[in-house]
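TrEMBL has this to say about the protein:
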DOMAIN    B:35-91  domain 'P-type ATPase N-terminal'
TRANSMEM  B:65-88  transmembrane segment
TRANSMEM  B:290-311  transmembrane segment
TRANSMEM  B:331-348  transmembrane segment
BINDING   B:Asp404, B:Lys405, B:Thr406, B:Glu498, B:Phe539, B:Lys562, B:Arg595, B:Thr675, B:Gly676, B:Asp677, B:Arg772, B:Lys778, B:Asn801, B:Asp802  ATP binding site
ACT_SITE  B:Asp404  active site, 4-aspartylphosphate intermediate
BINDING   B:Asp404, B:Thr406, B:Asp798, B:Asp802  Mg(2+) binding site
DOMAIN    B:824-1064  domain 'P-type ATPase C-terminal'
TRANSMEM  B:858-876  transmembrane segment
TRANSMEM  B:932-955  transmembrane segment
TRANSMEM  B:967-988  transmembrane segment
TRANSMEM  B:1000-1023  transmembrane segment
TRANSMEM  B:1043-1068  transmembrane segment
REGION    B:1115-1141  region 'Disordered'
COMPBIAS  B:1125-1138  compositional bias 'Basic and acidic residues'
Amino acid sequence: MKNEGEASEQPDNTAFTQQQLPAWQPILSAGIVIPGFLIIGLAFLGIGIGLFLTSQTIQVLEMDYTGVEKDSPCFQCTIQSVQNCTCEVTFSLSALFTGPVFFYYGLSNYFQNFRKYGVSKDYYQLTGDTQYFKSPRDVCFPYSHDSKNNPIVPCGAIANSMFNDTFELYQIINGTKKKVPLDGKGISWWTDFNIKYRNPSSVNGSFASAFDGTVKPINWPKAAYELDLTDPNNNGFLNQDFLVWMRRAALPQFRKLYRRITEGDYAGGLPAGNYSLTVHYNYPVLSFDGRKKLVFSNVSWMGGKNDFLGIAYLVVGSLCVVMSVVMLIVYAKFKFSDDDDA
Amino acid sequence: MADSKTERGVKWEVRANDHYFHQSCRRKSFLCFRWGRYADNVVRSYKYTPLTFLPLNLYEQFQRVANLFFLLIVILQCVPIIATIPWYSTMLPLLFVLLVRGCKDLATDLGRRRSDGQINRRPCDILTPEGFKTVKWKDVRVGDILQVHKDQVIPADLLLLCSTEPHSLCYVETADIDGETNLKFRQALSVTHTELNGDSVKQNLAAFDGIVWCEKPNGNLHSFKGELHWKGERHLLDTDHLLLRGTVLRNTDIAYGLAIYTGSDSKILQNCGKLKLKNTQVEMLLNKTVLVILLFMITTALLLAVGAGLFEHRVSPKYDVVSVLQRDSSPAYLGFITFWGYIILLSPSMPMSLYITFEVIHMVHCLLIGWDIEMYWEDNNSPAQARTTTLNEELGQVGHLLSDKTGTLTQNRLLFRQCFIAGHIYGDMSKELKPLDLSWNRFSCGGLKFSDQRLVDKLRERSSPECQEFFTALALCHTVMSEWRDGLPHYQAASPDEEALVCAARELGWVFLSRTRETLTISEMGLTRNYQLLALLDFTSKRRRMSVLVRDPGGQLKLYCKGADIVVLERLQRDWPLQESTERALELFAQGCLRTLCVAVRSVPEALWTEWSRTLSQAGTSTGNQETVLEEIYDQMEKDLTLLGVTAIEDRLQEGVPETIATLRRAGLKVWVLTGDKTETAVNVGYACKLMDPDTILIQGEELRQLLESPSPDVHVMSKEPEVWITDRRAVKSKAALVISGPELAEMTKAPEWGAKFVALSDQCQSVLCCRVTPAQKAEVVEMVRKHSTSITMAIGDGANDVNMIKTAHIGVGLCGVEGSQAVQNADFALAQFRFLRRLLLVHGHWSYYRICILLRYFLYKTTAFALVHIWYSFYNGFSAQPMYESWFISLYTTLYTSLPIQCMGFFEQDVSTKSCLCWPEIYSIGQKEQLFNPLVLAITLLYSVYTSIILFFIPMGILQYSALDYQTLAVTVQTSVLLTMTVEVILHTKFWTKYSVAAVVFSLVAFFLSTLALHSTRLFTASPKDYFFLGASPNAYSTPEVWLTICLTTCIAVLPSITIRALGVVLTNPNKHKIHSSNKPVELKSWFQRGTLQRRSSYAVSQGKGFGKLITTGVGLPSTAPPQDRRVTADSLKKESPQGSLIEMNSGDVAC
């Protein structure tokens, strides 16, 4: 039957076609599995203990300054009619708060992660593209134009809702207030400051005229080019507070870095004593049951204070150890009964 | 007139040579509409035309729920208000899926067109006004007169008008239709024979203007009802006048026929079921699961939408930042919008890329089947071939194997292997035969597989009268007809057994030369002798023997008889010698699975003959039950026999069949044999190929009917052998086999509840043999098994008669054998040899099942766990359909990041090695019991994915809520955890690490990190800020130790249950099981067999009905085979002696089944 002229259809005899590829077939046995579990468990326990202990050394000071309670210092600012309200929050430290100290503000019940809120910003506009100054993208609607149909810059809900409480920290030494210098440089992401956000180039040497024909966001007291008139590198879209705000939070309860305390007498931390914090209370949160917080914290290699992480590691580690013990018992029993059978 | 025709059921009108009449009613079709009466002779198995391809193929593809669903998603994503992720993330994969599938369908269809074209272009001769003209098959029309030459395949169902043979007989081989290889004869009406034949046959045919009225086209191969109206007379027609499409004309120079049914109207094509789209059970379960996921998704989206509405109602009004965004819409409307947003967001949980992966894996598995060198057969240069690429995993789940016999289990070569004469057994069963030197015999044609020089010597020396008598008997006692070609006699027999015996006698010197009605001429060692044939006591299946009564040249009367051992032995003279050695020989032959026949002789005194012949002639004229009377008369003659010897014929099995069947039985498969052949043959083959153990009891006929009629079949099988049942329950359970014949089966299908009982009963038996079944019945049996049992059926066959069952079964396997390629054309898998089935099922099937099940589970897990994270996140983002991941991650996750390792696993994974698969066929039961992919397993998988998604969201959330990290960092953290979890999971699944698997895992991890960093890079952001706004997110996140600690913890907790279960599995399983993995023992199949006590079996399977006996005694068939000088004489004698109209009656016994 075999025809010489006909091409042979004999398949190739290679390891691949014959499914005989050399392969490693790990065969697990109790001798590997039980010690393996034990080792993993111990490793987790080790990491967990380390994390937990580190977390214990981190100091955190949290203060709610929303002013819900009548006796709280900022209660008077919650009344709508008061303009440019200032209130004073005092606290005292019994020991040195080791530096560098990070100064956060926190908001709760605030949905920065709401989808429509999140997309409501114009990346092109924020890269300083003046073309988008005149016609912001649709995603910004309804914060793209004001009632007179002037384009808003920066447009969108995120920018419009920028947090605008400001704080001043004083140490009270013998009744006098000594200002604690707050460092606002470099609190945003490097990529945000250097790439993602760009100011429009100045027109005729005037930065403000680049914004001609646009209006400030409705909720803003001043325009973007007036955010920091003292430092041109901190003005416009490159304002650090603006950048921090624009990087939206993942959860409805969040904190954002406000300042760092790294300078002068306080480079080593906040010494024990009494402090006073002046709050320029502008940002309304009570309408949606929100809360505003101030947080002082120092950090370690693993970040801020986080007991959850350490405890989770400890739990998983001990689970693994328990499992290995259980398996050992089961195996011993199983094996002996097996031997009995044999 | 017309009314009476309707009553008689003959409504199909065919006018010979009337081209215009038929042209007007030709069947035409446009798209899917058909009208007209007569089909043309074109085979169309293709599905698409250039015009219909696109709509039809898209229609078919969108019948798949997932495709339709994703089309919907793409449409939704184009609506800006609800587009939660960009449109391209779904559109591109969908287009890819549609394109790949469309190309595949097109290629398959083109293949079908090609093979159709080959059939349609075959040549045939049609009568035109200018004489016979060669045209193509496809040009044949109803009403054409065709000329068919010897060894040509008949192109359409023809009414035989006349042939060149006397009496317009013609012989056809129907192997392609019913699998029987013996010749059948067809005969034209005497009126057409006499009127049309002659010197001017062409003119006569051209002038023929008969009108045929017959039944409408139907698939019944063995019945045909019709009438020919010609010259004002009406002649009845039946199957004997019909030459069916697909049969081959043999031993007849030219036959002329009138085309009655063409193309799809022809009987064989009516028998071919429709092309059915086959889906595997796994795929069906998958589709159901996808539906469940879809429902779940819609429900979830609905609940989340309600959540969104509530949020809108309760929270937003106070929360001016958000409420302004909602543009003062009502909460209900916003809920509605959010619903669609969530549908889009959760849509990745629908594993669309799963279908494409599924298809790719199937294709690769099919290639691997074709590449397997162990399934390549050098003799006809054919590798195994997977023609349907969607059924691979079902190969690992087959529960019932329904096999054809002829050409599949047996080679259909009957060989004379041994004989027992006068206390000696001649011939041996060894495989290597030293061929005998038969050069002394001028009639030798070769082909004898018998080797024993002792016998040849004895015969040549004429030293053993017993041996001479034995071969004389073989040369005389048969109904074979001879034909002379190249000076050698060639034999035409009604059964291959007879042919084998007569051929063996010829090779050894006792040559049957020719026969006339009254004489038999044989050459005994070169000496030509004429025997006068006095009577032929024909075979019936009831008598199980046949005899001839001859007067030898010396004037002595002798009766030669051959038949099944039981019938012959009880008719021997009392106290016959050599009783013991005969019994032993029979037993020995039975052990070798040889078919035995006993040959005996009786010297008949002249007086007895005179008296007996008188009784016989009286019986011939008597009315009443002639058959019974004849039987009694025959019985009187066939007694006081002297045993001459025993013949042993081997029904050559295909190579490796017994071993294969034994292995498959060990693997838990039920092997059924469905054959058009006789019961005896089937049973014998059943024993020979280890389908049944030697001591298996056969349940058949009345006994079977009783079992089926009884309310509970189980009870009766038990009560059959009560003692044994108690002692060895399992043995009895498997020590029975059911034997059922076609007519019984037909009866059974009428009582529908019997089918269920039959299948239930068969589950307790070793095997089922269905004999004398038509192609349509084969399909019915398959259908019955499919209906009444949950297992997967596989049908295997090699001929056109198996096409129907191949199409009906879950999986059809065609053997590329000698019987033509129709089976292969319609099969899902094509093999060269039956024994390759073992490898196909146990190795490829098992692996496919294992790989695909693991793949599906993993896929479902990975997609649902991935998508469910969105649900948990929505509780923290005001149900706003905020995605948890970057949109690029969503589109790349299934396509790039997690596809390769699992595909590698799908290609290369081996849970057990080839050798172990074959050594321990019991492993195969995993698939039969659907252990790896069933609703329970799926539910666990889905629950596990819910667990994983909870971990994947809440652990990072729990950790990061204390820090000042933003949304993008959380997204990167969760993304990385998801990816690592899925990678660890696939690592846990992989047990067979090839370099490709390692590379795939490494690649997907590297691809993830690199492309994540790239997507978050400055370059892409400056190109398109709105698409790549995750600028800097991953470098920032990855430089934070907290993120890494979180990722590590999340991944570990997510995979911990999976690892623990595997570890517990390792600890709890018996260490011995591991040996299966590592064993390299050679495959020893034989050692497993244990021959039980043997029962002697003998079967006289010489003929299915009556033999040619009556044809011989009346002399009809003889002229063509007798020497030329005899021709005229016999033809004349026939005319005188055979009464008109008796021909039809006479032949019915041979053809009807």
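From the backbone N, Cα and C atoms, a Cβ is placed for every residue, glycine too.
Just so you know, TrEMBL annotations never went through curation; they're auto-generated.
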Original post:
How would DSSP class B:Asn801 (ATP binding site) in three states?
Top reply: helix
Original post:
Looking only at B:Asp798, B:Asp802, the binding-site residues on record, which one has the least crowded Cβ, with the fewest other Cβ atoms within 10 Å?
Top reply: B:Asp798
Subject >> Nearest of the binding-site residues (B:Asp404, B:Thr406, B:Arg595, B:Gly676) to B:Asp802 (Mg(2+) binding site) - Cα to Cα >> reply: B:Asp404
Original post:
Sequence-remote contacts (6 or more beyond its ends) of the transmembrane segment (B:331-348), Cβ cut-off under 8 Å?
Top reply: 69-70, 73, 76-77, 79, 81-85, 90, 297-298, 300-302, 304-306, 308-310, 312-313, 863, 866-868, 870-871, 874, 879-881, 883, 890, 893-894
**OP:** Within the domain 'P-type ATPase N-terminal' (B:35-91) only, compute the mean pLDDT.
**Re:** 81
Original post:
Around B:Gly676 (ATP binding site), how many other C-beta atoms are within 10 angstroms of its C-beta?
Top reply: 29
Original post:
Is B:Gly676 (ATP binding site) helix, strand or coil when read with DSSP?
Top reply: coil
**OP:** Using the structure shown, find which entry in B:Arg595, B:Arg772 (the binding-site residues) has the sparsest Cβ neighbourhood within 10 Å.
**Re:** B:Arg772
**OP:** Fewest other Cβ atoms within 10 Å: which of the binding-site residues B:Thr406, B:Asn801 wins that one? Let me know.
**Re:** B:Thr406
**OP:** For the domain 'P-type ATPase N-terminal' (B:35-91), give the DSSP counts of helix residues, strand residues and coil residues.
**Re:** 26 helix, 2 strand, 29 coil
**OP:** Express in Å, rounded to the nearest integer, the largest CA to CA distance found among the ATP-binding residues B:Asp404, B:Lys405, B:Thr406, B:Glu498, B:Phe539, B:Lys562, B:Arg595, B:Thr675, B:Gly676, B:Asp677, B:Arg772, B:Lys778, B:Asn801, B:Asp802 named in the record.
**Re:** 33
Original post:
What is the Cβ neighbour count of B:Phe539 (ATP binding site) at a 10 Å cut-off, with all protein chains included?
Top reply: 28
**OP:** State the Cα to Cα distance, in Å, between B:Asp404 (ATP binding site) and B:Asp798 (Mg(2+) binding site), rounded to an integer.
**Re:** 8
Original post:
Around B:Asp404 (ATP binding site), how many other C-beta atoms are within 10 angstroms of its C-beta?
Top reply: 31
**OP:** Starting from the Cα of B:Asp798 (Mg(2+) binding site), work out which of the binding-site residues (B:Phe539, B:Arg595, B:Gly676, B:Arg772) are within 10 Å.
**Re:** none
